[in-house]
Amino acid sequence: MNNQGKNIIVWAVIFVFVILLFNVFQSDGLLSSKNNISFSEFLTKVDEKTVNSVKIQGRIIEGTSNDGSSFSTYAPDYPDLVNRLNNNDVNIEVVPPETRMNTFLSFLISWFPMLLLIGVWVFFMRQMHGGGKAMGFGKSKAKLLSDKGPKITFKDVAGIDEAKDELTEIVDFLRDPSKFQKLGGKIPKGCLLIGPPGTGKTLLAKAIAGEANVPFFSISGSDFVEMFVGVGASRVRDMFEQGKRNAPCIIFIDEIDAVGRHRGIGMGGGNDEREQTLNQMLVEMDGFEANEGVVIIAATNRPDVLDNALLRPGRFDRQITVSNPDIDGREKILQVHLKKVKYSTKIVPRIIARGTPGFSGAELANLVNEATLIAARRNKKEVEMHDLEEAKDKVMMGVERRSMIMSDEQKKLTAYHEGGHALVGLYCLASDPIHKATIIPRGRALGMVMRLPENDRFSMPRDKMEADIAVAMAGRVAEEIIFGKEKVTSGASSDIKMATRMAKAMVTDWGLSDKVGPVYHGSASEDMYTNRNSSSDRSESTSELIDEEVKKIVTTGYDLAKDILTKHLDQLHILAKALIEYETLSGQQIKNLLSSRQLDSEEENNFPFGAASSTIKIAEEKDLKKAKPIKAKKEDKS
């Protein structure tokens with residue numbers, strides 16, 4: 001039973017005890033039901049002279065008969081009672097009314113609010129600090145991983161082999177330190193896992209816990225600092241003391257950026273408390289006292305905000321980058337997650353891996369789970385390839401909103417908008433191949449053209465950037481050509497935003513503007529935590545020049561898209577008409593449609609396709625017999 005359940009039982013027992021105590025006191029002040037007689041019967045006995053003596057206590061009368069039996073009764077307001085008793089020779093004893101009950105009630109009424117507040121405060125303090133030690137604010141919240149339950153090992157980790165090898169060495173050191181110490185090697189004091197969200201940093205830590213036969217403590221960076229001053233530093237000290245007592249051991253700090261940010265940034269007591277906590281952590285990790293056998297493993301997706309003193313060797317000796325997996329890594333990750341579900345032997349993980357560039361391990365796990373839910377919803381006995389393809393489209397493009405009712409005019413406008421994207425993407429050879437075009441609303445978009453690269457891309461060439469900007473502007477251009485400038489809509493807002501950001505990065509980050517030159521100007525968002533590279537460092541003339549160059553690049557892409565769509569207006573009409581009729585077209589179907597001006601009967605009977613291979617390069621001259629592909633224009637250097 002957990003601590004919360006035990007606390008509830010304790011308070012329930014206390015409540016029942018108070019109720020019983022109240023009843024005991026109450027019963028003492030009430031008339032006993034033993035030998036109780038009515039007041040009329042009592043008067044009759046008095047008149048018959050069978051009553052020997054009575055004791056009057058308020059309204060309660062207790063008496064003794066001549067035969068020695070006792071009785072009791074409750075008297076109403078009867079002024080002549082004493083005279084009647086005297087006339088019948090009854091011995092009378094009068095005592096004051098019982099005041100014990102009133103005193104107890106008065107005590108409860110006066111002290112109950114204060115006792116209630118104290119009880120609530122103690123209860124919450126016990127909840128905050130582990131069910132005991134009500135004054136143990138400074139105790140560490142690090143949890144020792146239990147041996148119970150299924151263990152995660154390195155076999156469950158795939159796609160990040162380099163990071164796994166680095167951490168395997170640490171596990172081997174903890175298991176057999178003599179192997180390394182005989183050459184004079186020392187165990188690394190700390191290891192920092194760096195990478196975007198979902199790449200498997202926490203999973204690696206769990207795998208280390210499953211592999212290493214040493215105590216494993218886990219804590220979050222946000223668990224150190226709370227509302228009381230000095231609590232964070234105290235918890236850091238207690239955590240390392242706990243580690244020393246269990247050495248050799250591993251302490252895992254997740255999201256260390258919550259406590260390890262740059263010092264001296266910001267103002268206020270909360271910030272001072274965080275800095276005090278960080279200072280204590282720096283001392284404990286590499287101070288005068290040795291922490292032999294205590295290995296710190298931390299994870300963060302914001303290494304840029306961490307304090308430099310925390311990152312130096314001697315504290316975090318190793319910084320391991322856990323990046324998104326490549327195509328081979330994605331295939332291995334899919335195989336790991338597919339083992340946990342019932343799937344068809346016809347599934348080819350390599351095809352799904354090829355169509356999910358940039359996916360993290362968490363996103364691939366979610367994709368497999370979505371495919372499983374889709375198969376279960378359709379009462380299938382196993383997950384099939386089509387379910388994975390549909391789940392991929394759902395994750396990448398959003399959920400289909402088929403219930404959304406679109407007017408014919410809106411549907412036509414969306415078809416030409418998406419057709420413009422697809423056609424320009426088809427003719428810009430530097431652009432990624434088209435995976436799918438649809439006018440079915442998905443997420444917040446009324447339609448979408450999905451393009452996927454043939455292979456993993458680790459850098460982006462300039463001609464692809466220019467092609468992507470042209471493809472982004474093609475939707476707005478298609479609306480202007482078909483419906484006129486006065487009829488254009490706000491549907492291109494996200495496209496314009498994407499094109500502007502790309503152009504700005506070309507000028508300020510990548511030095512691709514001849515006028516601005518290969519100078520890094522950075523973005524204003526970088527000064528959030530570091531106060532470096534702020535846009536305010538630029539001169540006014542430089543900012544104006546950057547704006548001019550950004551506008552020039554976007555306008556060049558706009559002109560390229562307009563040139564392509566104007567020359568191939570007939571193909572735009574064909575593509576838009578097919579989108580209106582079938583709603584969804586794969587890249588291969590668009591290729592066949594524009595090369596032969598018709599669809600094969602087999603394709604026509606299977607609309608809409610769930611997905612098509614994203615590895616088909618569709619902008620080829622032999623496939624487009626009536627149109628010559630146009631390459632993206634280079635930026636005017638004048």
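Cβ atoms are placed via backbone N, Cα and C, with glycine included.
According to Swiss-Prot, the topological domain 'Cytoplasmic' annotation covers 1-4 (among others), on the basis of sequence analysis.
Look at Swiss-Prot and you will find 5-25 (among others) tagged as transmembrane segment.
When pLDDT values are averaged over the topological domain 'Periplasmic' (26-103), the model yields 78. What Swiss-Prot lists as topological domain 'Periplasmic' is 26-103.
If you look up Swiss-Prot, you'll see 104-124 (among others) marked as transmembrane segment.
Here Swiss-Prot flags 125-638 (among others) as topological domain 'Cytoplasmic'.
As annotated by Swiss-Prot, ATP binding site applies to G195, P196, P197, G198, T199, G200, K201, T202. Annotation for K201 (ATP binding site): same-chain Cβ neighbours under 8 Å, separated by at least 6 residues, are L193, G195, D254, A299, N301, V322.
Here D495 (Zn(2+) binding site) comes close to H421, A472, M473, G475, R476: these same-chain residues lie at least six apart in sequence, with C-beta atoms under 8 angstroms from its C-beta. Marked as Zn(2+) binding site by Swiss-Prot on the basis of sequence analysis: H417, H421, D495.
The active site annotation in Swiss-Prot covers E418, and the record cites sequence analysis as its basis. Under DSSP, E418 (active site) is assigned to a helix (H, G or I) in the three-state scheme. Listed in sequence order, A437, T438, I439, G447, M448, V449, G475, L579 are the same-chain residues at least 6 apart in sequence whose CB falls under 8 Å from the CB of E418 (active site).
If you look up Swiss-Prot, you'll see 523-544 marked as region 'Disordered'.
Rounded to a whole number, the distance between the Cα atoms of H417 (Zn(2+) binding site) and P197 (ATP binding site) is 33 Å.
Taking the centre of the Cβ atoms of H417, H421, D495 as the Zn(2+) site, the nearby residues of that chain (Cβ within 8 Å, site residues left out) are E418, G420, G447, V449, V471, A472, A474, G475, R476, A478, G491, A492. The separation of H417 (Zn(2+) binding site) from G198 (ATP binding site), Cα to Cα, is 34 Å. Using DSSP to sort the residues of the topological domain 'Periplasmic' (26-103) gives these counts of helix, strand and coil: 24 helix, 24 strand, 30 coil. In sequence order, L193, A299, N301, V322, S360, G361, A362 are the same-chain residues whose CB sits within 8 A of the CB centroid of G195, P196, P197, G198, T199, G200, K201, T202, the residues recorded for ATP being left out. Note on G198 (ATP binding site): other Cβ atoms within 10 Å of its Cβ, all shown chains, come to 19. Contacts of T199 (ATP binding site) defined by a Cβ separation under 8 A and a same-chain sequence distance of 6+ are given as I160, V322, S323, N324, P325, S360, G361, A362, in order along the sequence.
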